[in-house]
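Q: One structure is given below, represented as structure tokens, and several questions about it will come after.
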Amino acid sequence: MAKSDYYDILGISKNASDREIKTAYKRLAVKFHPDRNPGNLEAESKFKEIKEAYEVLLDPKKRAAYNQYGHTAFDQGSSNTEFTSNADFSDIFGDVFGDIFGNNRRKRSNRGSDLQYNINLSLEEAVKGISKEITIPKLERCNICSGKGMQPGTSAQNCSTCNGQGQIQMRQGFFSVQQTCPSCRGKCKIIRFPCRNCSGQGRVERSKNISIRIPAGVDNGDKIRLSGEGEAGKLGGSSGDLYVKISVKEHPIFKREEHNLYCEVPINFAMAALGGDIEVPALDGRVKLRIPAETQTGRLFRMRGKGVKSIRSGHQGDLLCRVVVETPVRLSEKQKSLLKELGISFVGRTGMYNSPRSKSFFDGVKKFFDGLTN
């Protein structure tokens, strides 16, 4: 399969300056770095391709050879000429990966995996906060070898293949390039007597109970990070983190939108027409709500400070009650008679006055049909 053009890989022109090459490399390296894409083989392959293009184009001699001969400049047997790249990657990797991934790449490669635990909360628990205890299976540091991976009383020895350097020199066309040592895999040392308890990995699988304090005001999708509670790292590497993801169950009464709570409050016909006081639910108890006379369905009443407290700002949200005027059902004969009498009183001009929205609607309907017949 033909290799891609190095300039195309970095997205730069053939006249790009060293600064433009570095800028393009930093941007792409951060995006496709294996530490940001764990287990993604396509991203890992792309990262190697980007690094190769950068190494060639930043070195004046390699770039000149590539511009003249293309990829054939690096094929085995092309020439007896040999030189080693002096390109300094320390500044690039320090700038790009120092802040994002940490400074010690060897320890980073041994870092334990992050874990995620999904926890379900009721709305009350999410709003008020609560302590929970969870049990998770994970890789913990071996207590026999203290995470070192070797039998107690023994020590690791320098790798004889790379002389403890972690890398070996390989010939590639014009150049000598460094590759990770296949014997020690870049670790510089070889464990001759691995720990029997953890098979030389420095960690074993076991379940752990962890207490979590859920702060008041969390919402769906929020994550709580517990530093160092992920899986133990390989051979003494640092532990990963545990992320607790919040899922809030649906509530039978309240709906939540950010820091506000919403609920529907049914009221009867008489209460809507004449007004009065009712009690409505809130998460901290019942609250009195005054219904004005002539209240219509859909009217919102705001009860300040009865919502959810923001974790970040401390602002307290509101409770919004939407009134629904309920049509009476299962009427007695007396109630039907009274309602008929009331309905008769709405006929004529008095009815138009009592039901202005009905009058406006039917006036509009009349104009609509009059327009069709004209």
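Including glycine, each Cβ sits where the backbone N, Cα and C put it.
In case it helps, Swiss-Prot gives these features for our protein:
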DOMAIN    5-70  domain 'J'
ZN_FING   129-207  zinc finger
REPEAT    142-149  repeat 'CXXCXGXG motif'
BINDING   C142, C145, C195, C198  Zn(2+) 1 binding site
REPEAT    159-166  repeat 'CXXCXGXG motif'
BINDING   C159, C162, C181, C184  Zn(2+) 2 binding site
REPEAT    181-188  repeat 'CXXCXGXG motif'
REPEAT    195-202  repeat 'CXXCXGXG motif'
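Describe the structural context of these features.
A: Residue counts for the domain 'J' (5-70) under DSSP, helix first, then strand, then coil, are 49 helix, 0 strand, 17 coil.
Taking DSSP states H, G and I as helix and E and B as strand, the repeat 'CXXCXGXG motif' (142-149) has 0 helix, 0 strand, 8 coil.
Applying an 8 A CB threshold to same-chain residues 6+ apart, the list for C145 (Zn(2+) 1 binding site) reads Q151, P152, C195, N197, C198, G202.
Within the repeat 'CXXCXGXG motif' (159-166), the DSSP-based counts of helix, strand and coil residues read 0 helix, 0 strand, 8 coil.
Around C184 (Zn(2+) 2 binding site), the same-chain residues at least 6 positions away in sequence with a Cβ under 8 Å from its Cβ are C159, T161, C162, G166, I190.
The helix, strand and coil residue counts that DSSP assigns across the repeat 'CXXCXGXG motif' (181-188) are 0 helix, 0 strand, 8 coil.
Across the range of the repeat 'CXXCXGXG motif' (195-202), the DSSP-based residue counts are 0 helix, 0 strand, 8 coil.
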Q: Which listed range (142-149, 159-166, 195-202) shows the maximal number of Cβ pairs under 8 Å with respect to the repeat 'CXXCXGXG motif' (181-188)?
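A: Ranking 142-149, 159-166, 195-202 by Cβ pairs under 8 Å to the repeat 'CXXCXGXG motif' (181-188) puts 159-166 first.
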Q: Roughly how many Å lie between the Cα atoms of C181 (Zn(2+) 2 binding site) and C142 (Zn(2+) 1 binding site), rounded to a whole value?
A: 26
Q: Any same-chain residues 6+ apart from C142 (Zn(2+) 1 binding site) with CB under 8 Å of its CB? Would you list them in sequence order, or say none?
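A: C142 (Zn(2+) 1 binding site) has long-range Cβ partners G149, C195, N197, C198, Q201, G202, R203, V204.
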Q: Drop a 10 Å sphere on every Cβ of the binding-site residues C195, C198 and tell me which sphere holds the fewest other Cβ atoms.
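A: Ranked by other Cβ atoms within 10 Å, the binding-site residues C195, C198 bottom out at C195.
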Q: Sort out the residues at least 6 away from either end of the repeat 'CXXCXGXG motif' (142-149), same chain, that have Cβ-Cβ distances under 8 Å to it, and list them.
A: 191, 194-198, 200-204, 232-236
Q: Near the Zn(2+) 1 site, what residues other than C142, C145, C195, C198 in the same chain have a C-beta no further than 8 Å from the centroid of the listed C-beta atoms?
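A: Leaving out the recorded residues gives N143, I144, S146, G147, K148, G149, M150, P194, R196, N197, S199, G200, Q201, G202, R203, V204.
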